[in-house]
Structures are given as C-alpha cells and as structure tokens.
Amino acid sequence: MHAWPDPSVPAVAGTPVPLKLFDTADQRVKEVDTTPDANGEVGMYVCGITPYDSTHLGHAATYLTFDLAQRQLLANGHKVHYVQNITDVDDPLFERAERDGVDWRELGTSQINLFRSDMEILSVIPPCDYIGAMESVDEVIAMVQQLLDAGAAYELDQGDIYASIDATEQFGYESNLDRATMEEYFAERGGDPDREGKRDPLDALVWRGHREGEPAWDSPFGPGRPGWHVECSAIATNRLGSHFAIQGGGSDLAFPHHEFSAAHAEAALKVERMAGHYVHAGMIALDGVKMSKSLGNLVFVHKLSEAGHDPSAIRLAVFAGHYREDRDFSDAILAEAEERLTRWREQLAGEVSEAEATEVVDKLRAILADDLNTPEALSLLDGAAGDCNQIIATALDGLLGVRI
C-alpha cells in the first residue's frame, strides 16, 4: 500500500546529539540504540490506524511525536527504516460498516485516504513501508504456525487460536502493570477474558476462525483471519528483524497491544526483547475534556486546514505540551501557536552571525534530543528574538517540521 508524499527535510547545521527517549519498559529516559541493522538502518515501527472513522488531532499528535523522533535521527545522520501498519481487517471496521450500511472495504479505503491527506498536510515523513493487515496475512499465518510449533499457542473450538502468556518468562515487562490492571485493561480494550476453554484469561487471540459474514483466508490450521496484536508482530519483524530500535504508539496501546505484539514476536522468534525502546505518546483533550466521538468534541486536521489554519501552527500547538503528557488543545492554544509562528517569521529578517545562529541550533538539538522536549525548545526559540536567520529557519524545518 502506498503512503503519502515525502516532504522535503533539509539538512540541519550544528553538532549531532544522541537521541534519548523515555522507555515504558525500563521506566526511564535512555539513549536510543542507533546501531545500524544489516541494511545500515535504524528501525522504527509505529502502530497505524484502524480505518473505521476519521482520524482526529489526538491521532495526529501521536504521529507527530514519531515524526519528531525520526527528524532528530535523520539530523544526526542516521538512515531510518520506518514501518507503519493499517489494521484494515478488524471488528470495529466491520461493526461501523454494518451500522452505516456500507461495504467495509470502501469504508476502510475512504478513511485511509483521509489519513494520508492529513499526514501530508502536516508534513509528516511517511513510512518506508505502509502495510495493511490484508497485505500481510501470509506473514501472520507463518508466525501463528511458529507459535503453534513452539507450543506457545493452542487451538480452541471454531478454529480460534490463542497465544499463551506463559510462553515467555518476560511477559509483562513492556507495560509494567500488575495482574489486576492487566485484566481490567484487557477486558476494556478488545480482549476476551471470559472465552471458554482459554488456559489463562489473558491469553490473546492470534487467529480467529471463520464466521459467517466475515472475511477469511485459508491457512494450514483452517480458514480465518488474523488477531490484532500478532499483525504488528509479523509486520514489524518481517521488515525490521527480530530486534529493532523503537516500537511506538499512543499511551492507550501500551497494554494490551504492545505487550502482546512483543510477546508474540519473542515467543515465535525466540528473542528476549523485540524493541529497544517502547515509546508512548499521551492523549489529547479539547478544552480539558478527552476527545470522544460520543461527546462530539473531535478536532479534525482536515477541518483545521480547510478553516485556513497554517499546518506549521497546528504542529506548534501540539508541540506546546510534552509528548508524554496527556495535554489540552483549544482555540486559545492554536491562536497562541499562530501568533508564535507569525512572530518567528517576522524575526527571519534579523541579521546574526553564522556562529551565533549555529549556537542556537546546537541548543535546539540538545533540547529536542532530551526526550523531545518541545516546550523548552519553543521557549528557546521565543527567546532568540531577532536571531532567526536562514540557518535557524532551516533547523526549524528539519527538526520540528515547522516552516518559516
């Protein structure tokens, strides 16, 4: 599946600073392992959308977070192999299509196209591999077979196959949650703890046997379709190898999705840890209230763009808060971002020496390399009044994706 056009990302002046990010598994900020893989690249996998509804600013904020991370790596001279999936076969998609009386494939295609447009508007660097679940069914089948062969999965009635949480000793390391919280989140976030016959309530579905009215693919263990978590396990490791640098997504994916996608890959491939970093972006609220379709308070990127808001201002509004925090979005925050952008553009006429400009860029690099500290970065640039010459403007584009 094709992604969206690649924005021009300029080279950045100044001295590279190793990127450090907060790792959910280790519960600390640590340096990203940028040891290149066999292809000379640093691997990053970010979970994509389930295309059953319009993507909103909360989704966009997650992808802007990892766009920032990629920009710091690129500015440091690394080649990044970025992979993103699309869960284009899943229950929420089928349910929404049935509710609206449309074909689930058509619904998925329309929402994927809108997502692509949003990402292009925001100058998000596209993934090298943009992979739909339907494209990767053969890869999932192969991984499920590996789990069965390893004794890490078992079959129940109706052709359903589950992966055992005790297949790896390290299960639970990624999210650091206690058992009670795991069970609560598993039930709330797509799990089926009460499924009769399961060896453990937390065992996750990796293959759903065919039900009437649902799409299905042939496999050695019968017709059916992939489970949610194992899709990401297969897509990521088939492109980035059994171990890669960054697994990312929103904070709501830390458990169960990222815990299980790691566990499935580790059990199938017999590795201790799938990703060096598990990185999670906080949620976005509108005027202090979490964005929710039921509340009717979703903010859509394409609507902001149609209303004439500058994409660089939208980025600055999101970057006003730290990526790991649950944070607010409001008309006032967007207006402040637009004022900031206008002020910076006016400063472009300022004349400073190359040495002075490079000093500002070096400070900006160091701040962003420290767990993507955008609030401090914006403060630095606000304080550089009159110093925003072309060297700094280019750094803003390269490091923040903000065009002056």
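Backbone N, Cα and C define each Cβ position, glycine as well.
Annotated L-cysteinyl-5'-AMP binding in Swiss-Prot involves CYS47, GLY48, ILE49, THR50, THR62, ASN85, ILE86, THR87, GLY250, SER251, ASP252, ILE284 plus, out of the candidates TRP217, TRP228, the residue TRP228.
Here Swiss-Prot gives motif ''KMSKS' region' for one range in the set 135-139, 290-294, 370-374: that range is 290-294.
When Swiss-Prot is compared with the stretches 188-193, 194-199, the one noted as motif ''ERGGDP' region' is 188-193. Looking only at other Cβ atoms within 10 Å, the busiest spot among the binding-site residues CYS47, CYS232, ILE284 turns out to be CYS232.
This prediction places the mean pLDDT of the motif ''ERGGDP' region' (188-193) at 94. Ranking the binding-site residues ILE49, ILE86 by how many Cβ atoms sit within 10 Å of each one's Cβ puts ILE86 at the top. Within 10 Å (C-alpha to C-alpha) of HIS257 (Zn(2+) binding site) lie the following binding-site residues from ILE49, THR62, ILE86, TRP228, ILE284: TRP228. A distance of 11 Å separates the Cα atom of TRP228 (L-cysteinyl-5'-AMP binding site) from that of CYS47 (Zn(2+) binding site).
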